[in-house]
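Novice: Below are the features listed in TrEMBL for this protein:
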type     : residues      : note
DISULFID : CYS215-CYS277 : disulfide bond
DISULFID : CYS223-CYS241 : disulfide bond
DISULFID : CYS229-CYS233 : disulfide bond
DISULFID : CYS473-CYS480 : disulfide bond
DOMAIN   : 217-501       : domain 'GT23'
DOMAIN   : 510-571       : domain 'SH3'
MOTIF    : 307-313       : motif 'SH3-binding'
Amino acid sequence: MTMNLRSSNKILAQAAIILFFFWVVALILLTRPLLNSPQSDVSSDVLQRLSKAVSELESLKVRNQELQWILTNFSHEAQSGKIKEGVVERLRSTLEDKIRLPINFNGLEKKSSGPSKEYEVRRRAIYRGVQENWYFVQQELEKLKKSGRDQSAPEISNLIQEILNSGKEHEIILLNDIQELSNMEDHDAWRSTESRALSDLVQRRLHYLQNPADCSKARKLICNLNKSCGYGCQIHHAAYCFIMAYATKRTLILNSKKWRYHRGGWEKVFLPLSDTCTDPSGLDRSNWPGTNETQVIELPIVDMLSPRPPFLPLAIPRDLSDRMIRLHGDPQVWWIGQFMKYLLRYQPETQKMLDQAKEKMKFESPVVGVHVRRTDKVGTEAAFHSIDEYMLYVADFFDKLEIKEKIKVRRVYLASDDPSVLPEAKKKYPEYEFLGDVSIAKGAAVATRYTDSSLRGILVDIHMLAHSDHLVCTFSSQVCRLAYEIMQTLHPDASSKFKSLDDIYYYGGQGPHQQIAMYSHKAHRPGEISIEVGDVLGIAGNHWDGYSKGTNERTKQSGLYPSFKAVDKYNIIDFPPYSEVAVAA
């Protein structure tokens, strides 16, 4: 209250000074002609000018009285504790209405410096810690409940179920409280502002890189798009090429002729990567790595890349790392999302198609995006997951949301390459409204994957999944990971807006993903490993039961360790700083 009052009084004092300054300037402007007029002219019009000046001064006096009343009114509000957010903007608009002049309170509105990096890192760690604790408790209780059933003790199973229900409610409320705490003191406003500023800086750097003044002299990196894999895999291949171009400061030339997803090439679906440089020719040419002087270098797929540079995902640039870590819960994904943001700028026709699809299906918030990957993944790269497993986490999202607001419709956008999933979900969960298109699922089948209708379908699916409020899927799927990456460009921090039923996030061909042990742990169960504070752990995955699997690089032991006892070790690398692109003030 006292701080708000001091701040408000300071604002009012500064505003009064500005008003006095306006009055003085107006007086000078009105009297200057009198002082500068030649003596011969004064005798003829001096009375007329003096009369006009007096009239204007009377008008200013009236306005000054009105302004004094306005300032007094705001002062009373401040002293009574009624001052609210937006007071400066209200004062500005009221004054402008009264004096009919634009007012700029530069410096009056104190720009929020936001929370410290340490605060944000610890806040997100607590949020994840609560989640991991519940994963552990839930898993252990489920084991006990199953044991009770096996021993024909239904009363034990029922009691455990009651504990699970109550525990889940506790978790939901606790996570909501943590989220509410993060919104206090205008921290959300800072996050939004910082997110826009940081993203704008990266996008301007990419635009600078892709639009050299003289294409004939520019150093270039050639990327052939037609990698033999699905859509998500090919987009990730293009993004890998773009990251390599950024790191080597070379303009990316994307060779997409006869692209299997559109014979017309990349530019038929997305905007060109450059407005000034699309010619792949140069004085000399070499395969990767070439030399710094080689004008044109051709890049292989990431699997064949040799030597492997340090800036492959999940590396982040040193010059932006502090801002990224402060802003985002997974800065490695945020960084990749920025390349997706530039790459996936739709042609007007593509954007129109997506807008029409969104309008036709009445895609509205709140909505959970669910991606069920089957066909060629199941049994090879991923396990089978029933629709029931996905819907558990859909229910969790809406249960948490209903603590804060009444939900009229529990809406789900369901994407799959299996046409039977959508009808099954509608039948089993009539209390939900499912959005989706069975024809898209049919087009996603391996036999029909490279057709125009299939391309439209996958574009719609990824767009809707990314624009959902929460994402439930399997990170073993490239489509799921791509939607998650794009989601990061739509929010200041969407790192917690997902639930993966299998893998943690990864990028194909990535460098090592490591964690650092923050707490020691003594192995006491079969399959566990011991860790000490500071140990580097190569993480292989999260089992979503309170434990992660990895290798202790000090002891070389592989096994399980408590997930909450370790945090990601960021691979911070010296990328070019792009000093040619100014940082916005």
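Glycine too: its Cβ is placed from the backbone N, Cα and C atoms.
Where the annotation comes from TrEMBL, it is an automatic prediction and has not been curated.
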Novice: DSSP-wise, what's the residue breakdown of the motif 'SH3-binding' (307-313) into helix, strand and coil?
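Specialist: The motif 'SH3-binding' (307-313) comes out at 0 helix, 0 strand, 7 coil.
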Novice: By DSSP, how many residues in the domain 'SH3' (510-571) are helix, how many strand, and how many coil?
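Specialist: Computed counts for the domain 'SH3' (510-571) are 3 helix, 30 strand, 29 coil.
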Novice: I need the CA-to-CA distance for CYS241 (disulfide bond) versus CYS233 (disulfide bond), whole Å please.
Specialist: 12
Novice: Say you check the Cα of CYS277 (disulfide bond) against those of the disulfide-bonded residues CYS223, CYS229, CYS233, CYS473, CYS480; which is nearest?
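Specialist: Closest by Cα: CYS223.
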Novice: With the cut-off set at 10 Å between Cβ atoms, which of these disulfide-bonded residues ends up with the most neighbours? Options: CYS223, CYS229, CYS241, CYS277, CYS480.
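Specialist: Counting Cβ neighbours within 10 Å, the top one is CYS480.
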Novice: What is the Cβ neighbour count of CYS473 (disulfide bond) at a 10 Å cut-off, with all protein chains included?
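Specialist: Neighbour count, Cβ to Cβ under the 10 Å cut-off: 26.
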Novice: How far is it from CYS480 (disulfide bond) to CYS229 (disulfide bond), counting Cα to Cα, in Å?
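Specialist: Here the two Cα atoms lie 15 Å apart.
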Novice: Just to be sure I understand the packing, how many Cβ atoms besides its own are within 10 Å of the Cβ of CYS215 (disulfide bond)?
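Specialist: For CYS215 (disulfide bond), the 10 Å Cβ neighbour count is 18.
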Novice: Sequence gap of 6 or more, C-beta under 8 Å: which same-chain residues meet both conditions with respect to CYS233 (disulfide bond)?
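Specialist: Expected: LYS227, GLN478, GLY508.
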Novice: Measure from the CA atom of CYS229 (disulfide bond) to the CA atom of CYS223 (disulfide bond) and give the result in Å, rounded to a whole number.
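Specialist: CYS229 (disulfide bond) has its Cα 15 Å from the Cα of CYS223 (disulfide bond).
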Novice: What Cα-Cα separation, expressed in whole Å, is found between CYS229 (disulfide bond) and CYS215 (disulfide bond)?
Specialist: 31
Novice: Whole-number Å only: compute the distance from the Cα of CYS215 (disulfide bond) to the Cα of CYS473 (disulfide bond).
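Specialist: Between the alpha carbons of CYS215 (disulfide bond) and CYS473 (disulfide bond) there are 42 Å.
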